[in-house]
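Encoded as structure tokens, the structure appears first; notes follow it.
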Amino acid sequence: MKNNKKVGTEDSTKWMLESVEIDPKGDSSVKQPESTINSNNPESSGAGGGILKNVSKNLAVGSIIRSMSVNKWRKSGNLGSPSTRKSGNLGPPLPVSQVKRPGPQRVERTTSSAARGLQSLRFLDRTVTGRERDSWRSIENRFNQFAVDGRLPKDKFGVCIGMGDTLEFAAKVYEALGRRRQIKTENGIDKEQLKLFWEDMIKKDLDCRLQIFFDMCDKDGDGKLTEEEVKEVIVLSASANRLVNLKKNAASYASLIMEELDPNEQGYIEMWQLEVLLTGIVSNADSHKVVRKSQQLTRAMIPKRYRTPTSKYVVVTAELMYEHWKKIWVVTLWLAVNVVLFMWKYEEFTTSPLYNITGRCLCAAKGTAEILKLNMALILVPVLRRTLTFLRSTFLNHLIPFDDNINFHKLIAVAIAVISLLHTALHMLCNYPRLSSCPYNFYSDYAGNLLGAKQPTYLGLMLTPVSVTGVLMIIFMGISFTLAMHYFRRNIVKLPIPFNRLAGFNSFWYAHHLLVIAYALLIIHGYILIIEKPWYQKTTWMYVAIPMVLYASERLFSRVQEHNHRVHIIKAIVYSGNVLALYMTKPQGFKYKSGMYMFVKCPDISKFEWHPFSITSAPGDEYLSVHIRALGDWTSELRNRFAETCEPHQKSKPSPNDLIRMETRARGANPHVEESQALFPRIFIKGPYGAPAQSYQKFDILLLIGLGIGATPFISILKDMLNNLKPGIPKTGQKYEGSVGGESLGGSSVYGGSSVNGGGSVNGGGSVSGGGRKFPQRAYFYWVTREQASFEWFKGVMDDIAVYDKTNVIEMHNYLTSMYEAGDARSALIAMVQKLQHAKNGVDIVSESRIRTHFARPNWRKVFSELSNKHETSRIGVFYCGSPTLVRPLKSLCQEFSLESSTRFTFHKENF
């Protein structure tokens, strides 16, 4: 880009690139403007971005550095010779004679390119950025806390400035700032020197921050980076971001950087080369800012229906009713039935003779008793898994919110707890005292015919079978309900020994079986009454009979059919991160949809415990698979049992982060399969059962969000969609040689056979498969995890999506939260290596798959904004599985963008 404006002494102190000549072949020069250099390929995070669609574009940074030459330079005064870099004032620019030398020449940033691209390069967390001046007070306090004799040692520098979780990286920054300021830091620094360091780190001057980063890499301060120095910084960055695998391969990645930036094999690279690479890394993301700003500006225009508080309230209420109408009418019906039953029984006892003694207490007690019977019956309905799974496939699925069955179960449980306590209190604190203390003649006139001629005492009333069974019910239900609470069931409550056994899934599971006794006591309590009635007026058993029979039949059916639930293990993989993947034979007649789950039992661990896990295999696979995270006692023991029988994936001794694998043959492929299975824990399954994710086919656009192991229900969905896209796979869903573990879909069958070529055409997004099933047009999968090793769980699936999804139907976004977000100095060099490595061979250095990995956490508002603008007037199904902390923000964003745009987001979450 040419600029003929005369430069004065008051001009910016930045170097300005006049023109760049690019010589693609090395023997000719073609002039290219700066805008061309910076208009690089948009970086896709999805499947399209997973494979190199144009390697030459992705390698643009390296090719520019190799072939560019500089014609004209302007004075900047910021960057001088290596000798002047060490001081605070970086000195005058090099003379023209010194600038013109053979080989690659310095390319300085311009306001339009690198100034935008590098504006996010920072040494502090984003939470501190923008509040640096205010943060100095906290730093002063920490200095006073950690300083020894008025000087802060190097090992406390990171803690003092807010980089306490990356002390090693902070120490390198400390050394670089000391060299830059020519301060001897061996014995620590005082407060004034600390303030100088802090001011250097927070300067808005891009050159200053880049210079600090270069000085941190340039350990000997000679102005040149050797391969060993680059390797050292890569190791440092990998440690700061907890990337163990990247740390192992630091030498090869350093060699890759030198290969790209040092084509003449001089043995070093210079600051300007590093700067150009940094600019190329981040400038792509900047190219979309104008579009995003215009979208935000459009969103800022307030719709007419929002301009008054009343109209806004009406619109929001209407939207909420539209979104949750099924839940609203079911809960309303439930409340109405409870109110009607209460009022009916209340009015009935206003005419009872006992009303003259007890007053309204008796009426209220009988009213609560009636609705307690109803709710003790209803609470069993949401846990009739087989029945609900069947009903999901009927027209009732359009009327009843089966996805909220667990929430409705919890709602009724809360109602039962409140009603039971109220019913008990009315009897013990009102009815019994009045009956036992009223005048005898009063008692004889109104209660003698019903309760007997002898007036009972309070203790006598408390010792009646009705009272005893009622109190026992309260005790059993109280224990069961308490241990079912989230804090106990998830073992969040840390109780002292030996009470620690009262928390966890096992306690929840066994305590719930106390309710069998509670139901028996309920029937006795409702049959042996103080006031005698004929049997047909004792209605408690009538309420609970049908739900109890249905529940008992489901449990009994599972026990009777248990011999058919035995499966054989095809393969088991124990991953680092305490994750066990089980691949097992599929029982005959076991039909399921993607998104469903099943129960798994290991009798060798416990004969009675069944645990639910999402199915990760596709319906068309000949095998079943589940991925189990070892969190509790049972899952940890299961993982350990299989780990004992596993063999290392490689012959060499594996490191703690390597995979451990065990493989067996499936039934039919090995005549001695029963003998081989004797080595491994026995596994039984039952199911499948319906889950919210199975309704994904109702939507044309999917947004799948999984946190950690919460990705499991969506892996089955992605495999099913990929089955529809992959050539040579039958679309009827009968046989599918899918990926097992980390193996590719294109590999051999898990049974040792060749892949099956099925009929049916390869369909694009949103088409109907050969089997008549409708598939979504697009699927966006966001997988957020905090451990690099987690990507190994579904590496094969990610690679297959990158290879076979030619039309970008599936777009994957992997996020690693242990890494510092893009623009942070602690992850800057890793971003460079990621770009170069992916451009070279199409493999991501973080996930070691073909799908690019993003740093830190997603900006969910940005995700929803982009989808709403990309898919206007569409219905997007948002499916989430993971930590409950993200449920409320995602649900709020769905409601917000459904109101403010023409796109409608429908939120679903798993209920495990």
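Cβ from N, Cα, C; glycine included.
Membrane topology as recorded by Swiss-Prot puts Gly448 and Ile801 on two different faces. Mapped onto DSSP helix, strand and coil, the topological domain 'Cytoplasmic' (385-410) counts 21 helix, 0 strand, 5 coil. Sparsest Cβ environment among the binding-site residues Asp218, Asp222, Glu229 (other Cβ atoms counted within 10 Å): Asp222.
When other Cβ atoms within 10 Å of the Cβ of Lys224 (Ca(2+) binding site) are tallied across all protein chains shown, the result is 15. Beyond the ends of the topological domain 'Cytoplasmic' (385-410), by six or more residues, the same chain brings 326-327, 330-331, 379, 550, 554, 557, 596, 687-692, 694-695, 908, 911 to within a C-beta distance below 8 angstroms of the stretch. Under 8 Å from some Cβ of the transmembrane segment (324-344) lie the Cβ atoms of residues 367-368, 370-371, 374-375, 378, 399-401, 404, 408, 411, 415, all in the same chain and six or more residues away from its ends.
According to DSSP, the domain 'EF-hand' (205-240) comprises 26 helix, 1 strand, 9 coil.
Through the fold, the transmembrane segment (411-431) approaches residues 331, 338, 358, 361-362, 364-365, 368-369, 371-372, 375-376, 378-379, 382, 462, 467, 470-471, 473-474, 477-478, 481, 484 of its own chain, all at least 6 residues removed from its boundaries and within a Cβ separation under 8 Å.
Under DSSP, residues within the region 'EF-hand-like 2' (181-193) fall into helix, strand and coil as 4 helix, 1 strand, 8 coil.
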